[in-house]
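S.K.: Take this structure first; my questions come after.
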Amino acid sequence: MAAAPLYCVCRQPYDVNRFMIECDICKDWFHGSCVQVVEHHAADIDVYHCPNCEPIHGPYMMKKHNNWHRHDYTEPNDGTRPVQAGTAVFVKELQARSFASGDILVQMQGNQVTKRFLEKEGFNYPIVVHDLDGLGLKLPPPSFSVSDVEHYVGANKVIDVIDVAKQADSKMKLGEFVKYYYQPERPKVLNVISLEFSDTRMSNLVVVPDIAQKMSWVENYWPDDSFFPKPFVQKYCLMGMKNSYTDFHIDFGGTSVWYHVLWGEKIFYLIKPTKANLALYEAWSSSPNQSEVFFGEKVDKCYKCVVKQGTTILLPTGWIHAVLTSQDSMAFGGNFLHNLNIDMQLRCYEMERRLKTPDLFKFPYFEAICWYVAKNLLETLKELRENKCEAQGFLVNGVKALISSLKMWLRRELTQPNSEVPDNIRPGHLIKALSKEIRHLEDDSNKAVKTQGSAECSLSRSTLEKGDQAQQAARRLQDHHHHRRRHHHHHHHHHHHHHHHHSRKLPSNLDVLELHTLEVLKRLEVGQLKEDSAFSSKVNGKFKKVCPVPAAAVEASHDNALRLVMCNGKIIRERMPITNVAATVNAVEMYHKHRIKLERIPMCPEEKVKKEKCEDEFGVQCTIKKPVSQGESVQTELRTESPHLASSDSDSKAGDSAEKCSLESESSDGEDGGSQRDSGTFVEHLNSHRHSHHKQALKRERPTSPNTDCAIQGMLSMAGLLCPQASGGAADILQQRWWASQGNGSSTSSSSDMWDSSEPCSAPRSPDAEDGSLGEEYSYRESSLSPPLHPSKRHAPNPTPVSNQATKGKRPKKGQATAKQRLGKILKMSRHKGLFLMKPMVFLIPQQGGTPLDPQFLLQSSSICVFPPPLIVSG
């Protein structure tokens, strides 16, 4: 094998990393360092004579300056060629131009520039910070000089130097640049803008701003065991001579920039990276006469920003900018990729590829870091979804753009072998996983939008119909503190969503009973119940909303306004002030005396919600017991339901817990007659006593006619309507009970398109609910806004049976109903979890009673029992 040719006076082979110059006489090549010719100076030599030829042919000859406005100053100055960027003439013209003021700059304090602020407000405009305090940036003192840079970095450090007049890049040692910088006369303007010193001793003198450190992809996502070398782009030292100029450009990879002028002055010419401006920039960059066209004139606005000594500027992603050094300056800066503008960063990178930008001016291993970022963002999205946190918009948009770029890079690898996919990453699997997470986010976002949209409609409905419940709760709370008052005042309740007041008057007990009676008569086809026009006008579709319970209702739940014991339709005990302990003692006494067994009802959260809600609204719960064969009995409610529900065998089993919690009733054809007669009796009574009870809550005094008033109170108790309702909304609230029970039946029922459904719940009752308070899981599930249908015309749901430990082994056999039934067929066990089957000789101890109950009442309590949610009595 032939030996490599030797060159230069040193007789060394060719070294690609060393600058060499050819002798025009002997045609031999010489190292610039061996013949004392620097690279940037060689371009000005017209004819070079090596040291061997110089004694014979004389010294080398330099080029003549024919013009001062062209990169090639040897061109004739005939005035026909335009001015090129960077030349002396260009700089003078640039300083004379007028630009838009830098009013787009965001003036901030150092402690205000935080990651949270940028994530919330966005990083779309340049930020100027005049004080270093709070920015986290540490730099050498302003007395730090170019020679100090040489001391910390090293004189032999090879750096890239730009000849400003020619806009040409060349390499030289740092020591040579420093020597040239301190010359009294500098024939050329040299600019150093790419001295990265992270691997030098000077790195210890500089600490990058906190915002750049916390947001940087390299610092946060680049693994230590990466096959690719870690990019160092965070610490640059820029040393520029006066009149140095860098033409318009976008920093590599669309990186953002932090820039601090240690001493001197810099002038930035800024252009916003709009789509139009980016398209113009790409066309301008690829044009052959790029240096002859000032890009600032091609866009709508170009802003001028003067950065003086001690000032820091942060440039966002993609901003097109040029820099003029108006005086000798030293500055420190750095570049960083981040999550805020992923889309723009990728667009800038693809633009660099289309423009065939040399690797020297591109972000090192840009594609590799994008793969690392994609892997980490996948984990971030998973955590957000698992924690049920909403992903920020910039992150979602960035991941979408990243997925598109990753797919494109994979396709490009089929034809281009230079892959930057890390070895420990499965690209196809990663892209699929990211796409899946994005789909989850979009699905959740669509659900959130629907929920938000329905919230407005539901809250509007709540304002008109359900807002009255908050009024009722407030009234009960006031009654508890002022129970000796004979009259109640009407109060305004401030709705916590809509922030406006309701001033509607509350109806009396007779009004409520009349509305309910008319409702029952309509279902029995005796009379028609007119739909509320205000409600019907708002029925536009189906909405779902889970509304929080008003605060007044929560407080009122701790002290239930009323506890009644009824027998044969008469109120035996009313509002007896006895504690829970006293009630328990009474229960024990009743157990020993009458062999009555007390049980506590385990309730799921949803059952507790509806149970306590009904209790807060109406004050009591009532059941109608009907003896059947063998002394067993079942319960029914005042309301009726479609007949075909009674024939379902599945309804006799343990039903859905959500349905059991609702207050719903069923009726049979054979019982319509009796119900009709009883209802008619109460309608007559309502018409005669309505005005005497108007605008009054439940009376605390002995009525004038005990038998009549007891009958009214009994019907109210059986209907669950003892608490006064708001005028105009009572009928709607009554109807809503049926909606809640119908909708909570089963998610697979045939009527699921019209009525809401909820998941069955079997969680035990919380301790807070046992003492009359509301648990944390208390929520009100608003029904669909579908128009209310007549109960006999609605389709019955097919509830899914749910096992309930409290009801196992206690279901009575179906038997013949008694002759004393009043308003409906027997209520099946599957329809009410909180109402249990009891024998005729059973009563309930009130939760807040007064004096112990007379055992004589046991002989009369054969049809009606009123009991609080926590306790039931069974024989």
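Heads up, the Cβ atoms here are built off N, Cα and C, so glycines get one too.
Keep in mind that what you see is a predicted model, and the values were worked out from it rather than measured.
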S.K.: Can you match one of His321, His338 to the Fe cation site that Swiss-Prot gives for His249, Asp251?
M.R.: His321
S.K.: With DSSP assignments reduced to helix, strand and coil, which class does Asp251 (Fe cation binding site) get?
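M.R.: Where Asp251 (Fe cation binding site) sits, the three-state DSSP reduction gives coil.
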S.K.: Spatially, which candidate from the binding-site residues His249, Asp251, His321 is nearest to Lys266 (substrate binding site), comparing Cα atoms?
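M.R.: Going through His249, Asp251, His321 one by one, the Cα closest to that of Lys266 (substrate binding site) is His321.
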S.K.: Cβ within 8 angstroms of the Cβ centroid of His249, Asp251, His321: which residues besides those meet this for the Fe cation site?
M.R.: Thr246, Phe248, Ile250, Val257, Leu315, Trp319, Ile320, Ala322
S.K.: Please list, in sequence order, the residues in the chain of His249 (Fe cation binding site) that are at least six apart in sequence and whose C-beta is under 8 Å away from its C-beta.
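M.R.: When sequence neighbours closer than 6 are ignored, His249 (Fe cation binding site) has Ile320, His321, Ala322 within Cβ distance under 8 Å.
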S.K.: For Thr246 (substrate binding site), which residues of its chain lie six or more apart in sequence with Cβ-Cβ distance below 8 Å?
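M.R.: For Thr246 (substrate binding site), the qualifying residues are Ile162, Asn191, Ile193, Ala322, Val323, Leu324.
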S.K.: Within its own chain, what residues at least 6 apart in sequence put their Cβ under 8 Å from the Cβ of Asp251 (Fe cation binding site), listed in sequence order?
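M.R.: Same-chain residues close to Asp251 (Fe cation binding site) (Cβ under 8 Å, separated by 6 or more) are Val257, Leu315, Asn335.
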